[in-house]
Amino acid sequence: MTNIRKTHPLIKIINHSFIDLPAPSNISAWWNFGSLLGICLIIQILTGLFLAMHYTSDTMTAFSSVTHICRDVNYGWLIRYMHANGASMFFICLFLHVGRGLYYGSYTYFETWNIGVILLFAVMATAFMGYVLPWGQMSFWGATVITNLLSAIPYIGTTLVEWIWGGFSVDKATLTRFFAFHFILPFIITALVMVHLLFLHETGSNNPSGLISDSDKIPFHPYYTIKDILGILLLVLALMTLVLFSPDLLGDPDNYTPANPLNTPPHIKPEWYFLFAYAILRSIPNKLGGVLALVLSILILMLFPVLHMSKQRSMMFRPLSQCMFWILVADLFTLTWIGGQPVEYPFIIIGQLASILYFMIILLILPTISLFENKLLKW
């Protein structure tokens, strides 16, 4: 009798994806972040579901319903902070996952890569709408500022913004629809994740050397299942440490003040994981230019397969490209820092220089260095 694992129509899909999947023998801990992102998504959907049971998406009661969750619901404070800080862990894993893809040339699987970029956009949209739901000061003003950016679109901009708002300002209609979208998007993300994995399993995983690993594969289970479990334990440890010791470390104190359209906070800024893009947006004095730069700062990831000039796939054996890659990482840290600072000297000029450097490295410096390294191989 053949094993049910290999014959049952449903179970065999799971078997081919997580058990008998041939995996390269040399993939490092940088390959753990895919599974960690899966765990983050599950945590977010579950905690979000329980929060939605007690939350009300009405401007009059939204803020007090969140207070009610934290004060009166059994372990409501835990669920709420796991959800809020789970988003931070999600983005940490996302950035590391994308960084791994850039470093090791995983973007040459361009269907997988492009679905990944779409996923990044979807997660960012979900996180933005989720931040609006508690209806604190930063929720309200963040929603106002970010949705207002669409008014920079020529001709249809203002109409589009009012259509998204459902009125002439961010109000009840906006909150209700944001809650609806925030609820549905994670399920769309889950479907996209399945497509992402489908395309990945068409080609198999990349590995640190960037070389074809068909001649040396090992089964995913038990080798990488046990490795993933270690990663998951560390992720949960980090998340629960954050939740139980300093749950408000990454939040904004302004969001503990109920939304007031008549009182603008002194510094409107998004959550930390959007600060790099926010800094790029602010570094251009023109509204439409800023919005384009903001979108391009993420969309530029789709250009990496086209901009790959090296004869080698991975950066493992390319010290000059490695150096530029880490300068790019440092630049992103700089942009994140600038995004959280007020718009004044010297932060304005630092932000502008960091923004120029960001696009320069990706569009010009990395491809040029790759071509130079190709020449070095001949000498």
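Using N, Cα and C of the backbone, Cβ positions are placed for all residues, glycine too.
If you look up Swiss-Prot, you'll see His83, His182 marked as heme b b562 binding site, on the strength of similarity to another entry. In the three-state DSSP assignment, the secondary structure recorded for His182 (heme b b562 binding site) is helix. The Cβ of His182 (heme b b562 binding site) lies under 8 Å from the Cβ of Gly48, Thr126, Met129, Gly130, Leu133, each on the same chain and at least six residues away in sequence.
Under the DSSP three-state reduction, His196 (heme b b566 binding site) is assigned to helix. Annotation source Swiss-Prot lists heme b b566 binding site at His97, His196.
According to Swiss-Prot, the ubiquinone binding site annotation covers His201, on the basis of similarity to another entry. For His201 (ubiquinone binding site), the same-chain residues lying six or more positions away in sequence with a CB closer than 8 A to its CB are His16, Ser17, Leu21. In three-state terms derived from DSSP, His201 (ubiquinone binding site) belongs to a helical segment.
The annotation transmembrane segment is assigned in Swiss-Prot to 33-53 (among others) on the grounds of similarity to another entry.
Here Swiss-Prot flags 77-98 (among others) as transmembrane segment, drawing on similarity to another entry. Sequence-distant contacts of the transmembrane segment (77-98) (same chain, at least 6 residues past either end, Cβ-Cβ under 8 Å): 30, 33-34, 36-37, 40-41, 43-44, 47-48, 50-51, 66, 69-71, 116, 120, 123, 127, 130, 235, 238-240, 242-243, 247, 250-251, 271-273, 301.
Within its own chain, the transmembrane segment (113-133) is flanked in space by residues 48, 55, 57, 62, 66, 87, 90-91, 94, 98, 101, 106-107, 139-140, 142-143, 146, 174-175, 178-179, 181-182, 185-186, 188-189, 192-193, 195-196, 199, 270-271, 273-274, 298-299, 301-302, 304-305, which lie at least six positions past its ends and keep a Cβ under 8 Å from the stretch. Residues annotated as transmembrane segment in Swiss-Prot, with similarity to another entry given as evidence: 113-133 (among others).
Look at Swiss-Prot and you will find 178-198 (among others) tagged as transmembrane segment, backed by similarity to another entry. Remote same-chain partners of the transmembrane segment (178-198), defined as residues 6 or more beyond its termini with a Cβ less than 8 Å from a stretch Cβ, comprise 17, 37-38, 41, 44-45, 48, 52, 55, 57, 112, 115-116, 118-119, 122-123, 125-126, 129-130, 132-133, 143.
Sequence annotations record features per position, and here Swiss-Prot assigns transmembrane segment to 226-246 (among others) based on similarity to another entry.
Annotation comment: Swiss-Prot describes 288-308 (among others) as transmembrane segment, evidence class similarity to another entry.
The transmembrane segment feature in Swiss-Prot is assigned to 320-340 (among others); the stated evidence is similarity to another entry.
The annotation transmembrane segment is assigned in Swiss-Prot to 347-367 (among others) on the grounds of similarity to another entry.
Long-range C-beta contacts of His83 (heme b b562 binding site), restricted to its own chain and to partners at least six residues apart, with a cutoff below 8 Å, comprise Gln44, Thr47, Gly48, Leu51. Within its own chain, the transmembrane segment (347-367) is flanked in space by residues 279-280, 282-284, 293, 296-297, 300, 303-304, 307-309, 321, 324-325, 327-328, 331-332, 334-335, 338-339, 341, which lie at least six positions past its ends and keep a Cβ under 8 Å from the stretch.
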